[in-house]
Amino acid sequence: MKIVSVHTIMEYDYQIAEGELPAQPNCSYYGTDDVIGKMFLIGLFANLIAVTSIVFNTFYTIVFIRNPSLRRSGVFYFGVIAVIDIIMGINYIAVMVVPVYMDYYLYLPLWHVFLSYFRIVMTESNCAMFASMLMIVLATTERFLKTFDGKTISVCRKFLERNRYGVSAFCIFLACAYKYVIYYELDVEHHPHCTDFQEYEIISGPYAMDPNYRFYFMFLLRNALDRILPFLVLLTMNVLIVKALKEDERLKLQKESVVSNGKTVNLKSHRRNVKDATRALISLVSIYLLSQSLQVFLTVWETINRSSLEDGFPTMYSYLNDIVSIFTLLASCLRFPIYFCCNRLIHTASIDTLHGMRITCFMGNSKKPQEYSPIHGIPNSLECGGAVDGGSKTSLSSPESISKPSAVYDEKLQEWRL
């Protein structure tokens, strides 16, 4: 098995089809390069990241499902990305980790199992990666449209807000329609006169054998559409959003009085509300851009002088490709911690979900926790917690609770504000 230049998680590049196939196979098997080093890098380190990513994104998916308030706001796309990240984590283990263990232990049955599913999983993985990128672009676009004013911008913003489900479904369908050809770019060749690992060989499929298809579609179009263009678009929108928010905050602080109804306004709280509005999205996009920067660098280098990488630095080139895929996986692993730390709505909903799961699983309470409602300002799990502790159940209609100001959801900032 010789898989070269995996730029992102489980994504074959165009050069797998380069060169003419030999007339007579020589019963050779090209396994994992530097299998001991890759065992530590992929088999242990990357595998741990993949498992952590699956756990984090599974938990956030539960939070997303249990809290309709998240699905009605701009963080809706974060929930879709979490589901896609679960698929990507599983696929990374199936396509990248399994071959390393297979080559390290020379376990032949695992090779046959791998050959039975790798084309389907490879195709599915590329669809998931492209769909994830489109979701990040959608979330950034919606925030971008909320940052600026204008008649056309307002129409586009309202359209996205009212059709998040439909637009997301269309983007996922578009990703699948664009990436399904991966299945036909790969194939398995059987050599009946060879034995063991040499009996089967992964080769280029019928599509990848066409030089025009390989150059114009697999190289030019994919490098531009999958890597360089999204990188530039997200970077530009991110910079404009940050710049506009800073200017908007400065103007508001100049116009607003520091005294309201005889009470001093907390300027730090005001600035925090503005920053929280887009902090999670900006952090998400920044992590994505950082994870893709090495990929874009390698793409440009390959375009200028590919032979200098393959012939001059083969070992470094192999490890850089693996590191690129690990960066992408690490970005999916860090998304939920970013949401939890930067977005108060997600933070509070996650804490409430944890309380509900703890009460249900460990304290024998079969009653399903109610949905977190920021309007009341008190997670329902606190009510259950009071009953479990053996004391009297805390009343949500007590004078202390009634006297607290209600939270109001600011649609423009997408935050609950007192």
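Yeah, the Cβs are placed from backbone N, Cα and C, and that goes for glycine too.
A quick note: this is a predicted structure, and the numbers were derived from the prediction, not measured.
The domain 'G-protein coupled receptors family 1 profile' annotation in TrEMBL covers 56-339.
Per TrEMBL, the feature transmembrane segment maps to 39-63 (among others). With a threshold of 8 Å between CB atoms, the same-chain residues lying at least 6 positions outside the transmembrane segment (39-63) that come near it are 70, 78-79, 82-83, 85-86, 88-90, 92-93, 96-97, 100-101, 104, 319, 322, 325-326, 329-330, 332-333, 335-337, 339, 346, 349-350, 353, 357.
Outside the transmembrane segment (75-102), and at least 6 residues removed from its termini, the chain residues within Cβ reach (under 8 Å) are 1, 3, 6, 9-10, 31-32, 35, 38-39, 42-43, 46-47, 50-51, 53-54, 57-58, 60-61, 64-65, 110-111, 114, 117-118, 121-122, 124-125, 128-129, 131-132, 135-136, 138-139, 142, 164, 168, 172, 280, 284, 325, 328-329, 332-333, 335-336, 339, 343, 345-346, 414. Per TrEMBL, transmembrane segment is recorded for 75-102 (among others).
Beyond the transmembrane segment (114-138), the same-chain residues lying 6 or more positions past its ends with a Cβ under 8 Å from any Cβ of the stretch are 8-12, 77, 80-81, 84-85, 87-88, 91-92, 94-95, 98-99, 102, 160, 167-168, 171-172, 174-176, 178-180, 182-183, 186-188, 200, 202, 226, 230, 233-234, 284-285, 288, 328, 332. According to TrEMBL, the transmembrane segment annotation covers 114-138 (among others).
For the transmembrane segment (165-183), same-chain residues at least 6 beyond its ends with a Cβ under 8 Å from one of its own Cβ atoms are 12, 76-77, 80, 119-120, 122-123, 126-128, 130-131, 134-135, 138, 205, 207, 217. The annotation transmembrane segment is assigned in TrEMBL to 165-183 (among others).
Sequence annotations record features per position, and here TrEMBL assigns transmembrane segment to 228-245 (among others).
Per TrEMBL, transmembrane segment is recorded for 280-301 (among others). Sequence-distant neighbours of the transmembrane segment (280-301) (same chain, 6+ residues past either end, Cβ-Cβ under 8 Å): 7-8, 74-75, 78, 133, 136, 139-140, 143, 223, 227-228, 230-231, 234-235, 237-238, 241-242, 308-309, 320-321, 323-324, 327-328, 330-331, 334-335, 338-339, 342-343, 346.
Annotation comment: TrEMBL describes 323-342 (among others) as transmembrane segment.
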* Asked: Which residues, given as numbers and ranges, are at least 6 beyond the ends of the transmembrane segment (228-245) yet have a Cβ under 8 Å from it?
  -> 133, 136-137, 140-141, 143-144, 147-148, 274-275, 277-278, 281-282, 285-286, 288-289, 292-293, 296, 299
